[in-house]
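> Below are the features I grabbed from Swiss-Prot:
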REGION    1-309  region 'GTPase domain (Globular)'
DOMAIN    35-276  domain 'GB1/RHD3-type G'
BINDING   45-52, 67-69, 97-101  GTP binding site
COILED    482-595  coiled coil
Amino acid sequence: MAPEIHMTGPMCLIENTNGELVANPEALKILSAITQPVVVVAIVGLYRTGKSYLMNKLAGKNKGFSLGSTVKSHTKGIWMWCVPHPKKPEHTLVLLDTEGLGDVKKGDNQNDSWIFTLAVLLSSTLVYNSMGTINQQAMDQLYYVTELTHRIRSKSSPDENENEDSADFVSFFPDFVWTLRDFSLDLEADGQPLTPDEYLEYSLKLTQGTSQKDKNFNLPRLCIRKFFPKKKCFVFDLPIHRRKLAQLEKLQDEELDPEFVQQVADFCSYIFSNSKTKTLSGGIKVNGPRLESLVLTYINAISRGDLPCMENAVLALAQIENSAAVQKAIAHYDQQMGQKVQLPAETLQELLDLHRVSEREATEVYMKNSFKDVDHLFQKKLAAQLDKKRDDFCKQNQEASSDRCSALLQVIFSPLEEEVKAGIYSKPGGYCLFIQKLQDLEKKYYEEPRKGIQAEEILQTYLKSKESVTDAILQTDQILTEKEKEIEVECVKAESAQASAKMVEEMQIKYQQMMEEKEKSYQEHVKQLTEKMERERAQLLEEQEKTLTSKLQEQARVLKERCQGESTQLQNEIQKLQKTLKKKTKRYMSHKLKI
């Protein structure tokens, strides 16, 4: 977490006012400043079951989230507390305490369902807190989990049915932890001792039958098993005498039941060690700004009357981040070119080589910071901007070369121009002296470094502009015969034509270099895109295999339970038949003896 982020206490993240859920701008501002990956732990459960106490312990405090001391629910909406992660360096632990479910004063359960849904969508670990044992009443109170198929969509496709869509929930749902408060029973089943985890699995067993009562019994169990493949259970003794529960946050651990203190420590240790970084489809690790975006996307969807959609949330996040990734890549390119390029470059190839290195690095920056670039629109935008940057540099290089060469010509040839004006060469033999001086100055010009790509063109343009002066000196030179003058004129024309041909050749070379550079640029983008697509494909396959494995395990478990049920039923039928047969045999023997 950034050094300036220090939350001394929790803040409301999602306000619940008059049945309307609204994101708190101040809390979003805090999230936007957290650049580290986040581990998000959310707790849900009925009101007045002590959720806030556990969250305060995870924050390393006795006070923070409001505990309250009456049957009135204190927490409204969803509250957030961001603290440095105690076990994962460079990570931030985001704790979300939710409004108590089932408050009769709220009138209906609509808001409760949305609070539960948001807790599921935003967290990487979901803690469900309840009182006592896992009995049918506890399962009935967890009916919110059965509504998730009506509250969440994984894909944006309107033709996806609920069953197909909900099958993908496991790929992005959080781990599930059930905390049982004031647990007073012995952990056992059929006379055998159980661990809390075994107790949870035992409680999630399905009943055999097809009646409506059986379906109602199985539905919440099936949903928990289907949506949350990784499950954990913790039981907590009563911490202190009930009369003192109201002062729980004021009491020190020494004043509480030692067993309860140890149970809380075990719970916190598990959460710190096992809660994963919040991750989206495609292996995208969530940081503060990404969590902020998810909150806004889900809240806006609920406000519009739409279902929160994971795919849409990821795409909305991708739009923001890919746009920022383009700007980050361009900034890197500008920085690198600014440091490396000295205009004018001696050759076009020198400039293009520097561009290509900077372009490759910029593309790598984009690839590292982008995801879900549908149809590669943002990469195409980046490529277009980099092409324009290259063309701009080429233009600047050309202008810098022209300016440099023009300035050199002014310095080198101005003395000659002054001599021409003074008539020094308007005399017999003056033409030869002029040509010799001209050639000496050209040589001096060529020896000057870093003239750039316009060196020849600017020189030839200058010389062409002085042809009339050269011709005038030639015509006034009385030593030369008319024939010699004609030969000199032809030589000048030949040299001019040769220079023009050289300029055309240089232009063709520049054009060829530009075409080759564009092809190299295209191939580099394709190469990096292909590598990124391969990584994303591997990530997708891993996620799909994980989802498939989870489904197969659940299917095998259901079949096993069904077979066990059928086996038990068959065994009962066999025993019943044996008893019937025994009775008939006894009756037959009795009847036979009478005969």
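Note that Cβ sites are derived from N, Cα and C of the backbone, with glycine treated the same way.
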> Please compare the binding-site residues Gly45, Tyr47, Lys51, Thr98, Gly100 by how many other CB atoms fall within 10 Å of each one's CB, and tell me which has the fewest.
Tyr47
> Can you work out the mean pLDDT of the predicted model over the region 'GTPase domain (Globular)' (1-309)?
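The answer is 84, the mean pLDDT of the model over that range.
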> What does DSSP call Lys51 (GTP binding site) in the simple three-state scheme?
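The three-state answer is helix.
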